[in-house]
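Below you'll find the structure, written out as structure tokens, and then a few comments.
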Amino acid sequence: MSESHIEYLLNECDEKSRKILHLEATTKALKDHLSALTDQAAEYERHITDEMSEARALRLELHAMRAEFLRMQKAARAEKNRLEEEIREWAARSNAAVFQDASSLPSDKQYDIVVVGGGTAGSVISSRLTEDPKINVLLIEAGPDDEGAIDLQIPGNFPDGIEPKYHWNFTTTPQSGLNDRALPYDRGHVLGGSSSINGMVYTRGAADDYDRWANVTGDDGWKWNSLLPLIKRHERWSGAVGGRNISGQYDPSVHGYDGQTKVALPWSGPNAFDNLCLEEAKAGSEFTFNLDPNSGKPLGLTWVQSTFGGGERSSASRAYLHTSVRQRSNLDILVNTRVTRVLSVGNVGSKDFRTVEIGTTVGALRNVTARVEVVLSAGSIGTPHILLLSGIGNKTELDAVGVPSTHELNDVGKNLSDHFALFAFGTSTAPDPPPVDHTAALLQWTQNRTGPLTESVTPHQLLWTRIPSNSEALQKYDDPSSGPNAPHIEIALIWGPNFGGAASLLTPHSRGSVTLASSNPFTDPLINTNYLTHPFDIEVLKEAIRTMKRFYSASGFSSFIATPIAPDPDAGEAEFEAYTRNSGVTALHAVGTASMSARGAKGGVVDPDLKVKGVKGLSIVDASVIPYAPTGHTSAPVYILAERASDLIRSRCESIA
């Protein structure tokens, strides 16, 4: 059933409804006239009866039309699902480079590079390397292909409108710092990885973050200024969805315009609350307005930029593995396939880990060996899991679960660092925002890629701040931030029937781990994020709520505030701490479980060139190598990391050729 036919039927329903209302009004008028014109009662009674009969008939017809509309709507959804399946089947048939399972992968084909994990980094690496037709790449993704998955393309489907099959559905261990709560820990189980299911916020973090990468690795190539050309290389600035005027809402000089990943401002423009926040920041007391959070100096109130463009999510797979890339003869993509281990070529003592083992729940299926190297890009959870299953890690811990040690590297799975968030709200006098008509919004998105479904639930503005230098946290503990331009706190400013926001700790002292639960590769690893186990972290969250209170204390907000923000650390620190431990949430920004460090350093997992320490033929490119939580959402730093990594790996391919 076509959309135009459905629209025609809806118009018919409206017309019949108007006719019914008119007829009922006529009936009432006739009844009033009866009392004064009794001599004509019989005639008018017949007239009324006729009109009521017609009205009943029209009502029955309207009910039938509504039932038909619902039937057609259901049929349209079924047809949409059928067409999506046809698209996926067509893609699988027409594009021989995408294999749906390991049994269909050619057994005689040789690959220079095998990339494990088709998420953010894996998509970038595979795309960039195969720009050189002499480099053959196999990309292996555990989840399904995203081709034809329209639900993943709609930004407004985050977070609840994405099917469970696109999620890993991990859960953390019970957290001692959260009164033994275990938290859902979501990762993307689909081509594009978490970039296909995340909230799409695009923040590079502070330049100080990248300069610290350079300091801890001894490699100036990781400095912000060194990376800036690669930062712009990956980005395709797309303005605002729908083309609204965005002058004064971003800095054109800090963006790239010819890259792959679309970055944009939202479809809906500034609202009354946004303007109040802007006035407060531009007043220039404690808080300032920052034209662009991605300049390397994010402190201040900023407009939110996101990885979407043209009304659609710009995931890593859609940006870097689009149709023309998939058609390259030197790139094969294998989906729905788990890599269970990396294996040494030849004897174990060679420590040349260029072979990947593809496994199923009943055992190993086959091996694939790379000519140059294997690149692990399975993310901060998946990468250490594969390394540990391969015997690369702490020998004592491996022995405890029955995994033979192949290479002792104690920091594998350690040093997990993540952001942690706390929601705090008061009530406002503002009316509830009108609900979104999802059916109408979906129709608008389908017709022209505009409307409320082109953006996620993320607010329009973020406030990036540092805690006061005289705060108890900085008086008692070392400052874990990367430098003076790096924020300790991100506050997502939210207004409606409630006002306040989500305060995120960006610079935690607490560190967690990823370890093996068993030697079975299909048993989820133990994810211990270890939130709030260092006292600095809870102190920073107290300062975050105090910052939020000061921001909303401006006179412009006074007429809109009904009750103050809670929880409030100044109303009782013990109560605040209990609430935080019972109600705080993860930001899902884990890094550090395979950290990079200087050559020859005792700690760390990879050298500055991202090659695993002490072995050959194995490198890691994903968030796990980032040694400290960045002061921004992690997707942008991973894109930047992967862009440089692709150049490093390409040079290694050229040196072996």
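Every residue, even glycine, has its Cβ placed from backbone N, Cα and C.
Whatever TrEMBL says is automated annotation, not expert-curated.
Here is what TrEMBL records for this protein:
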ACT_SITE  HIS589  active site, proton donor
ACT_SITE  HIS633  active site, proton acceptor
BINDING   VAL190, ASN198, GLY199, MET200, VAL201, VAL339  FAD binding site
COILED    34-93  coiled coil
DOMAIN    379-393  domain 'Glucose-methanol-choline oxidoreductase N-terminal'
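Long-range neighbours of the domain 'Glucose-methanol-choline oxidoreductase N-terminal' (379-393) within the same chain, counting only residues 6 or more positions beyond its ends whose Cβ lies under 8 Å from a Cβ of the stretch, are 116-117, 119, 142, 168, 170, 185, 187, 193-194, 339-343, 353, 403-410, 412-413, 416, 514-516, 519, 521, 525, 527, 590-594, 605, 612, 615, 620, 622-624. Taking a C-beta cut-off of under 8 Å and a sequence gap of six or more, GLY199 (FAD binding site) has these contacts in its own chain: PHE158, PRO159, SER306, SER456, VAL457, THR458, HIS633. Most buried of the active-site residues HIS589, HIS633, judged by other Cβ atoms within 10 Å, is HIS633. For the domain 'Glucose-methanol-choline oxidoreductase N-terminal' (379-393), DSSP puts the residue distribution at 11 helix, 2 strand, 2 coil.
Annotation for VAL201 (FAD binding site): spatial neighbours VAL304, GLN305, SER306, THR307, THR458, LEU462, HIS633, SER635, criterion Cβ-Cβ under 8 Å with sequence separation of six or more. Summed and averaged per residue, pLDDT over the coiled coil (34-93) gives 57. VAL339 (FAD binding site) and HIS589 (active site, proton donor) have their C-alpha atoms 23 Å apart, to the nearest angstrom. With respect to HIS589 (active site, proton donor), the closest of these binding-site residues in Cα terms is ASN198, chosen from VAL190, ASN198, MET200. For the binding-site residues VAL190, MET200, counting C-beta atoms within 10 A of each C-beta gives the highest total at VAL190. Over all protein chains present, the Cβ of VAL339 (FAD binding site) has 26 other Cβ atoms lying within 10 Å. Whole-number maximum of the Cα to Cα distances across the FAD-binding residues VAL190, ASN198, GLY199, MET200, VAL201, VAL339: 30 angstrom. Non-local contacts of ASN198 (FAD binding site) by the CB criterion (under 8 A, 6+ apart in sequence, same chain) comprise PHE158, GLY188, LEU588, SER635.
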